[in-house]
Amino acid sequence: MREIVLTQAGQCGNQIGAKFWEVISDEHAIDSAGTYHGDSRLQLERIDVYYNEACGGRYVPRAVLVDLEPGTLDSVRSGPFGQIFRPDSFIFGQCGAGNNWAKGHYTEGAELMESVMDVVRKEAESCDCLQGFQLTHSLGGGTGSGMGTLLLSKIREEYPDRIINTFSILPSPKVSDTVVEPYNATLSVHQLIENADETFCIDNEALYDICSRTLKLPTPTYGDLNHLVSATMSGVTTCLRFPGQLNADLRKLAVNMVPFPRLHFFMPGFAPLTSRGSQQYRALTVAELTQQMFDARNMMAACDPRHGRYLTAAAIFRGRMPMREVDEQMFNIQNKNSSYFADWLPHNVKTAVCDIPPRGLKMSATFIGNNTAIQELFKRVSEQFTAMFRRKAFLHWYTGEGMDEMEFTEAESNMNDLVSEYQQYQDATAEEEEFEEYAEEEEA
């Protein structure tokens, strides 16, 4: 049917990817060896979106796992679901990118690229009707950002008409693990603007906040953060994998969510937020789900949607629920908060409903917002970038790999343009044009 190939680049991308495969293998009742142990026809009906059926009825993920050092991939391989992947889906170098975007994009990463693309082609050829690619990576490191964006541009070259969406972990305002994060992130965003169709911006700080504030976890681990990300990733593709009353796929999402090609950076949210292993004591109502889903505290990007306006949004509900109630609640929220929605885009919220809830919940909702407040995220990175670039700090690491300073300047101005485009549409209203036309008529 409509297959998706998942590519994972770098340490962060592979850890999130591994968690994601655990989550959806559980949803489709597939054990760590790739054998099906379920009792529902629905679990197998569209399993081919993410899995290839191999001989002996084993299901193998359509995954490409890439890293420039063997460490992370070794731990994925020895992890709980390590045996489910095809051995030749693992492609790794030996020397690492050392948090250097240029190493990932131009030198070390470029050397591995041919063998990575071979695996991507092999996966794409085994598809019946390939819908698109998903990439999980972080923008702060070297491999996920540098090599991840190189992989994107290669895929875009070979498969120009397929949808590419990325789950990109952006540097956080307070939590930083690398000094050169602003450089790597800016150079990556520059690539994402041009080559991705949809980018889900997730950042660790927002995830930490959700874990400590909402889930009351005293010391959140990366495992907890990745659990949140994989819940969102699974929600975004639910409609492809399970039957529903209103379906959405990657392309429908893109068409409904992207009003202008450059503005494809979304903030995801998820409801209800529950910590790993905890059960919900009562089922939430559709109204509570909708409230929680639009709540600023549920956003997985560290920016406040109340500071901007929604150009578009999508809500994907899971579980048995009356359609009428869903429509009413979505209508209510737009009515009550109309100032937060762009009035020149009427009916700008897309809804999808899928009948199968995630494990352990009666119903859940995944939220995707294209909100102009996302500019806060890019502004923050841009300020840090400018502070360092003005002094040319750390630049020798990049120029030493053959990069030119011009590339930095271009990336910086492209990101600043993106910020001002978001600002322009945040200020736009439906009435402006009418006044202009009226004034022209008066003059005539």
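Every residue, even glycine, has its Cβ placed from backbone N, Cα and C.
Of the residues GLN11, GLN43, GLN245, GLN291, Swiss-Prot places GLN11 in the same GTP site as GLU69, SER138, GLY142, THR143, GLY144, ASN204, ASN226.
The stretch that Swiss-Prot tags with motif 'MREI motif', taken from the ranges 1-4, 285-288, 397-400, is 1-4.
Computed over the motif 'MREI motif' (1-4), the whole-number mean pLDDT of the model equals 82.
THR143 (GTP binding site) and SER172 (phosphoserine) are 18 Å apart (CA-CA, integer value). With GLN11, GLU69, SER138, GLY142, THR143, GLY144, ASN204, ASN226 listed as the residues that bind GTP, the site has a largest C-alpha separation of 23 Å.
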